[in-house]
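Written below as structure tokens is the structure these notes are about.
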Amino acid sequence: MSGEGTDLPTFQSSRTADGDVINRPGSSQQQLVPIAHTISSPSKAYQKDTAMWSPPLSSHPIMSPPDLTPQHPVFSTEDLTRPAAGLRRRPSVPPPRRYSNGDYDPKLSFTSDTGRALRAREDLYYSDRERENSMSSRTRARDDHPHPDYHERSRPPRTYRNVVGWESGPQKSYFDDSSRSDLGKDRDLEKGMREAGAAPEWASGEKVRRKSTDESIDGYNYESHKRNGTKGTIDLNNLTPEERAMVLRLPWTQWMNSNFKNHFVATIGEFVGTTMFLFFAFAGTQVANIDSNTVNTTTGAATGFNIAVQLYIAVIFGFSLMVNVWIFFRISGGLFNPAVTLGMVLVGAIPIPRAACLFFAQILGGIAASGMVLGLFPTTFNVRTTLGASTSTVQGVFIEAILTAELVFTIFMLAKEKHKATFIAPVGIGLALFIAEMVGVYYTGGSLNPARSFGPCVVSGSFDKEHWIYWIGPITGTFIAVFFYKFIKMLEYEMANPGQDGDAKNDPTQNEKKREQILEERNRRYEKRNGSLRPGSRLS
């Protein structure tokens, strides 16, 4: 090198002073090469083609390249056989606090002309394509699972500009975005219809408003398209099966969510339940009275006393009521008795409109059951109720009243009052009717139910002169039961012997809310009695 008299170009980084790229020996694998070895022998680091260029003879002294050997060998993992693409990232140092405002970014890699450290930019904007090409196709997820977001692209074009008549612009948006500062001016804020070539409306600086108050937010004037004086009609013949089903379902859906529908369902359930209850009861009575000497009656002096007949009738009435109440109490409450319905209204368990519907259903159910027994069984129709064994009218009224009071009060305590045994209330109700029939069948026929006595009289066409006691007696018994029920409620019977069979929701010793409700009712009655609370008002 020193023996030659030629001038060598000055060595600067990876290029010569003339701008020629240094040729390095080719290698397909990355290798750990000391940087010191790379730059220590510039005479072997590159070779010039003598046919194309030869150093001229000159008297300039030979300049040796600067000694760039580091103090400690530094190894690099880069492939030195090919030039690095883009700028090579250098280790960042914490910038001065005045530049980063106290936040240190460990990814600082660039420096501006002023010497200020710049933050690193993500590879999303500056993609190293050489690095991508060097990667195997199997290691790139974008080749195995192509997705539109993997491809670099510029701003998507406004496709509607490729359509004829795009100058009219889209329909105006729902909201006015012209006042938003985060929207760039290059965003298309065309609202409404504008002429071809006209400037967008946001450029004028005026706030876009609706053309009229009749125009809706979606740009459609519903008022101008309304039919004057006529109602909108739908041609069912021009609808698809799905549209036809939807149109026909609208009135049905509205009706299904109404109280009228609920009353209708309860009425139907009460009619069917009363019919089934009295049908089995009448059929059993018909069987028990086959050998009776008195026609069209279940009791009478000529009938005589037969313990088997009395027991059979009591059992069939009690079990028929128990089974059918258990079936229908979820639908209508399973009352099957106008006297019980009246009692439920007086204690506030059911509203008056529901009670009226149930009353007519019970009367019709008694008539239907009587007609079924009359038409199905070949024996003489013998299920009517009359006084017997020298029973007076007054005695008959009070016998019916007391027996009915016992039945109605049983229903209040087992069904109306909620407790652990509420779900087996039909058993207790059926047993209550059973013991009442055991007492009353011989003397009054054991009616306890105006519908039970009214139905057979209608079917047979014969009304006895004492038929009225089967209305007055049960109604009187209902008032007796209601009075006693309200009396013990006023005395707070729940607090007298708590914890017997009350559940966690209704026992005041277990539920503090229930206890507060009882105390609030006590205070309300006290204030009402002292005149501080007007009758009919509620305690807030």
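FYI, residue positions are counted from 1 along the chain as it appears here.
Just so it is clear, glycine is given a Cβ too, placed from its N, Cα and C backbone atoms.
Look at Swiss-Prot and you will find 25-44 tagged as compositional bias 'Polar residues'.
The annotation compositional bias 'Basic and acidic residues' is assigned in Swiss-Prot to 119-133 (among others).
Per Swiss-Prot, the feature compositional bias 'Basic and acidic residues' maps to 140-155 (among others).
Here Swiss-Prot flags 174-194 (among others) as compositional bias 'Basic and acidic residues'.
Swiss-Prot lists 204-214 (among others) with the feature compositional bias 'Basic and acidic residues'.
If you look up Swiss-Prot, you'll see 502-530 (among others) marked as compositional bias 'Basic and acidic residues'.
Swiss-Prot lists N296 (among others) with the feature N-linked glycosylation site.
Sequence-distant neighbours of N530 (N-linked glycosylation site): no residue of the same chain at least 6 apart has a C-beta under 8 Å from its C-beta. The N-linked glycosylation site annotation in Swiss-Prot covers N530 (among others).
The feature region 'Disordered' is assigned by Swiss-Prot to 1-224 (among others).
The region 'Disordered' feature in Swiss-Prot is assigned to 499-540 (among others).
Summarising the annotation, Swiss-Prot assigns topological domain 'Cytoplasmic' to 1-263 (among others).
For 285-308 (among others), the entry in Swiss-Prot reads topological domain 'Extracellular'.
The DSSP breakdown of the topological domain 'Cytoplasmic' (378-393) into helical (H, G, I), extended (E, B) and coil residues amounts to 1 helix, 0 strand, 15 coil. Swiss-Prot lists 378-393 (among others) with the feature topological domain 'Cytoplasmic', giving a curator's inference as the kind of evidence.
Positions annotated as topological domain 'Extracellular' by Swiss-Prot, on the basis of a curator's inference: 415-420 (among others).
Panel annotation: around the topological domain 'Cytoplasmic' (442-467), residues 274, 278, 281-282, 296-299, 305, 310, 313-314, 317, 336-339, 362-363, 365-371, 374, 381, 383-389, 391, 393, 395-396, 399-400, 403-404, 407, 433, 436, 473-475, 477 of the same chain, lying at least six beyond its termini, place a Cβ under 8 Å from a Cβ of the stretch. The topological domain 'Cytoplasmic' annotation in Swiss-Prot covers 442-467 (among others) and rests on a curator's inference.
Per Swiss-Prot, topological domain 'Extracellular' is recorded for 489-540 (among others), and the stated evidence type is a curator's inference.
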Contact check, the transmembrane segment (468-488) vs the transmembrane segment (333-353), 3+ Cβ pairs under 8 Å, seq sep 6+:
yes
Quick test of the contact rule: Cβ under 8 Å, at least six residues beyond the ends. What residues does that give for the transmembrane segment (357-377)?
263-264, 266-268, 270-279, 281-283, 286, 332-333, 335-338, 341, 350, 383, 449-452, 454-456, 458-460
Within this structure, do the transmembrane segment (264-284) and the transmembrane segment (421-441) have 3 or more Cβ pairs under 8 angstroms, counting pairs 6 or more apart in sequence?
no
Two-stretch contact, the transmembrane segment (309-329) and the transmembrane segment (264-284), at least three Cβ pairs under 8 Å
yes
Can you tell me which parts of the same chain pack against the transmembrane segment (333-353), counting only residues 6+ beyond its ends and a CB-CB cutoff under 8 A?
263, 266, 270, 273-274, 277-278, 321, 324-327, 359, 362-363, 365, 404, 407-408, 411-412, 415-416, 426, 448-452, 474-475, 477-479, 481-482, 485-486
Using DSSP with the three-state reduction, classify N530 (N-linked glycosylation site) as helix, strand or coil.
helix
